[in-house]
Amino acid sequence: MNFFPKTTNFDFMGKRGIFFILSLVITIVGLALTFIRGGRILSMDFTGGYLTQLEFSQEIDISQIRGVLSERGYDDILLQKVGETGRRFIIKTKQGGHEIIQTLRESFPAASINILSEEQVSPTMGQTIRKQTLIACLLAICGILIYVAFRFEFRFAVAATIAIVHDLLVTLAFVVVSGREIDSLVIAAFLTILGYSVNDTVVIFDRIRENLRGLTRVSDPVEVFNRSLNETLSRTLITGVTTLFTLGCLYFLGGPVLNTFAFTLIVGIITGTYSSIFIASAIVIAWEKRAPHRFRTSSS
């Protein structure tokens, strides 16, 4: 199945400078906003907080609870239903939950509230989670670097690594700009984006490698790269659109708990598709301009 005819000949590499600048601007703005917001972008998974499990004497719809808390200004809490009865809930807050419990008692006077457990997540535990998260991301990136270097060559590995770091930074920028917090689900989304982006990049690099085998000293590598990108364009877009359709359902139907997770993945998939075409391949071409002999496999 092809979205575009096989004769498509978009000049992707001819505009690579524009896309480099665009990505650089978005990344810088995102990093600046991240430093400005500081620790406020981190959820209680990383900063510490309180977990309160409570039970109503009768079933209460979770949307009603969210509505009440939102009206009272409690927008930074996480509410989860436990089981299928609609009576037990877990509330995660950065501060103590006593005021929230009192608000719920006032809003639902017909349903008594029984506090089942209260637990404090210490900042020290949050620091441990942050450290483990950073290690996980670094190990994933290093693994990708080694894998691509082994399968292709070092310059392709460097390009793929820069592209996936770019994907993470751009996605982070959009998460910060949207005012969302980074929690454990967002980190899971980041790791998923790493795998998706490198898979997309490897498919394109594989086609480029096949087309480079016939490259001669008089051949223009830019034309080879453009042809390879055009040949894989339909596959890239079909994969991306299919994935985005599924994530769109998750975003609109998954509820508040999964909303940020789905949002992060949607931005990451779009960014990963973009970087596979415009960033990773363009970096290899830029490297080729500095060492043109590397791609010359024959003298004919």
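Every residue number used here counts from 1 along the chain in the order it is shown.
Just so you know, glycine gets a Cβ as well, placed from its N, Cα and C.
What you are looking at is a predicted structure, and each value in this text was computed from that prediction instead of being measured.
The transmembrane segment feature in TrEMBL is assigned to 17-36 (among others).
Summarising the annotation, TrEMBL assigns domain 'Protein export membrane protein SecD/SecF C-terminal' to 110-289.
Same-chain residues lying 6+ beyond the ends of the transmembrane segment (133-150) with a Cβ under 8 Å from its Cβ atoms: 46, 156-158, 160-161, 164-165, 168, 187, 190-191, 194-195, 198, 201-202, 205. Residues or ranges marked as transmembrane segment in TrEMBL: 133-150 (among others).
The transmembrane segment annotation in TrEMBL covers 156-177 (among others). Note on the transmembrane segment (156-177): residues 23, 26-27, 29-31, 33-34, 37, 41, 137, 141, 144-149, 186, 189-190, 193-194, 197-198, 201-202, 205, 260, 263-264, 267-268, 271-272, 275-276, 279-281, 283-284, 287 of its chain, located 6 or more positions outside it, place their CB under 8 angstroms from a CB of the stretch.
According to TrEMBL, the feature transmembrane segment maps to 236-254 (among others).
Residues or ranges marked as transmembrane segment in TrEMBL: 260-287 (among others).
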Contact call for the transmembrane segment (236-254) against the transmembrane segment (260-287), three or more Cβ pairs under 8 Å: yes
